[in-house]
Every structure is written in structure tokens, then in C-alpha cells.
Amino acid sequence: MTLETLSEQRCFGGAHGVYRHPSAACAGPMRFSVFQPPQVAQGKRPVLYFLAGLTCNEETFMIKAGAQRVAAELGLILVSPDTSPRDTGIAGITEHWDFGEGAGFYLDATQAPYASRFRMRRYVTEELPAIIAANFNADSERSGISGHSMGGHGALTIALTHPDRYRSVSAFAPIVAPTRVPWGEKAFSRYLGEDREAWKNHDACELVARQRFPGTILIDQGAADNYLLSQLRPEWFETACAQQGQSLRLRRQDGYDHYYWFVQSFIEDHLRHHAAALA
Ligand SMILES: N[C@@H](CCC(=O)N[C@@H](CSC=O)C(=O)NCC(=O)O)C(=O)O
């Protein structure tokens with residue numbers, strides 16, 4: 001596998017880079033970004049994967065969240081993948097902002113014509129970690145995962161499915177029950193077909209009822225989020241966690257909306273949450 005460096009720049013004593021590589025999972029080129037803290041010069045460091053939301057790409061989190069200063073202090077490597085394969089050539093795939101390119105929902109599509117390219121679950125959980133381990137000074141045994149909105153859904157569902165691979169999880173304004181809200185219903189019916197039982201494997205409320213994550217899940221949610229009632233419904237996850245005995249720290253932040261002004265206001269707490277679990 002060849003890893004192509006698209007850019008690499010010094011940042012808080014470490015480096016920020018954007019990379020491209022041929023992906024077996026997504027059957028085409030994929031891009032991701034990495035912040036390496038200065039401590040990678042001394043040895044392997046823990047890794048935090050951050051999954052961005054609808055319409056975002058591999059640079060959104062790195063440019064807008066302002067995470068690098070504290071990640072440099074904590075010695076955390078940050079990795080943010082693109083939100084879907086690109087230039088797939090699938091008919092109509094760029095016509096919607098909440099489905100298709102830029103909206104991969106961190107699952108492996110089972111339906112034609114999407115199944116051949118939209119395999120973001122395999123990409124994020126298998127292919128990308130192997131690339132990070134092979135090319136960066138990363139301690140793969142100490143990996144955490146976080147995300148925003150669609151990416152919060154990705155972080156929660158991936159951590160709840162693979163608690164053996166991720167030692168910490170957090171989310172900003174996550175879609176916690178995609179099987180019951182319009183964004184999820186639209187994407188899942190296309191990527192996964194009409195069998196709603198299969199959808200449940202990608203729904204954090206359903207997954208937490210099956211098995212607990214061995215650690216506290218941290219979620220921040222803006223109380224003035226325009227998507228709160230229509231798409232997010234954190235109280236449904238709060239109830240599911242309470243029923244399962246899952247440790248959850250859900251913080252409702254007065255006056256904050258859905259966007260990266262909100263994410264950048266609380267990213268430090270999330271980085272410290274992960275660093276403590278990955279120490
Ligand atoms: N239709 C709009 C809105 C897209 C949008 O709100 N994207 C959010 C994530 S929503 C859930 O996954 C986002 O993170 N936007 C980037 C940002 O910088 O805030 C559009 O097309 O822009």
C-alpha cells in the first residue's frame with residue numbers, strides 16, 4: 001500500500017498532515033488527516049479517531065475543532081478520515097447532502113449500487129487502523145473514538161460493537177437512534193435495504209441494550225441544537241443506558257447549537273476524557 005502525503009505542516013511542536021491511499025475497503029482512493037503530537041519523537045502514543053458529520057471531509061475536524069493544542073499537551077495522535085468514498089460515479093450519489101458522498105454513515109452498505117464502494121465500517125475499524133499502525137508512531141492498543149453528529153453515531157456504534165478495539169468513546173450531538181429519525185431512515189433504506197432488523201446493528205440505542213461499553217461514555221449536546229428533536233434525541237440514549245446500567249455522562253450545554261463553534265467549546269474535555277482512559 002502506498003501512502004501519499006498531500007500536505008504536512010508543523011503544528012504545536014508536532015505535525016498536521018493530509019494523506020491519500022488506495023483503499024481495499026472502499027475500492028478507490030481515500031483521504032485522512034493526522035495530527036502527530038511532539039511526543040511521537042520519543043515513542044508510541046495513543047490514538048483518537050474522530051469521525052465528522054454530514055457534508056464534512058477529512059479536514060473539517062482538524063480545521064474547525066481547535067483540538068491540536070491540547071492534543072499536543074496530552075501526547076494524543078488525532079486521526080480523522082473522510083466521511084465517505086469520493087468520485088464513485090454512482091448515479092445520483094452527490095445529489096443529496098444527507099446521503100451518498102459526504103454521508104457514508106460509517107456502515108458497510110449491503111445494497112447495490114452502494115455496496116461496492118460504501119464500506120466505511122470496514123475502512124474505519126480495520127483498514128485505517130492498520131495504515132496508522134504501519135506509518136505512524138501509534139500505540140494501537142490504546143485507541144479511542146469520537147465524532148460529531150453522523151460521526152457521533154459512528155463513534156458510538158463502532159465502540160459498542162468493538163469494545164475490545166476502542167478503550168474510550170465520546171460524541172458531540174450524536175444521532176443516537178438512526179432507525180427512528182429521518183436522516184437514518186433515508187440513508188439506511190438505501191445502504192441497507194428495507195429489512196429494519198438489519199438496521200438495528202447500526203443504532204446506538206439498540207446496541208447498548210445488547211452490551212455495555214466498559215467505561216463511561218461522554219456526550220455533549222447543545223440545548224439550542226436545531227436538530228435536537230428531529231434527528232438527535234439524546235434522551236432516548238440516556239434511557240437505553242439507564243436500563244442497561246451503562247455509565248453515561250450526558251451534558252446538555254445551554255445556548256449551544258449543532259456546529260463546530262459548539263464542538264470547539266468542549267473538545268478539550270473530550271480529549272482529556274480519552275487521554276485519561278488511554279493512559
Ligand atoms: N445542509 C447543510 C447542513 C450540513 C450540516 O449541518 N453538517 C454538519 C453535520 S450534521 C450531521 O452529521 C456539520 O458538521 N457541518 C460542518 C460545519 O462546519 O458545521 C449543508 O449542506 O451545509
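Cβ atoms are placed via backbone N, Cα and C, with glycine included.
These numbers come from a predicted model, not from an experiment.
As annotated by TrEMBL, active site, charge relay system applies to S149, D225, H258.
Positions of the features from TrEMBL, shown on the structure.
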{"residue": "S149", "record": "active site, charge relay system", "DSSP (3 states)": "coil"}
{"residue": "D225", "record": "active site, charge relay system", "DSSP (3 states)": "coil"}
{"residue": "H258", "record": "active site, charge relay system", "DSSP (3 states)": "coil"}
Protein Cβ atoms within 10 Å of S149 (active site, charge relay system), excluding its own: 26
Integer Cα-Cα distance in angstrom, H258 (active site, charge relay system) to D225 (active site, charge relay system): 5
D225 (active site, charge relay system) CB neighbourhood, other CB atoms within 10 A: 22
Rounded to the nearest Å - Cα separation of S149 (active site, charge relay system) and D225 (active site, charge relay system): 11
H258 (active site, charge relay system) CB neighbourhood, other CB atoms within 10 A: 21
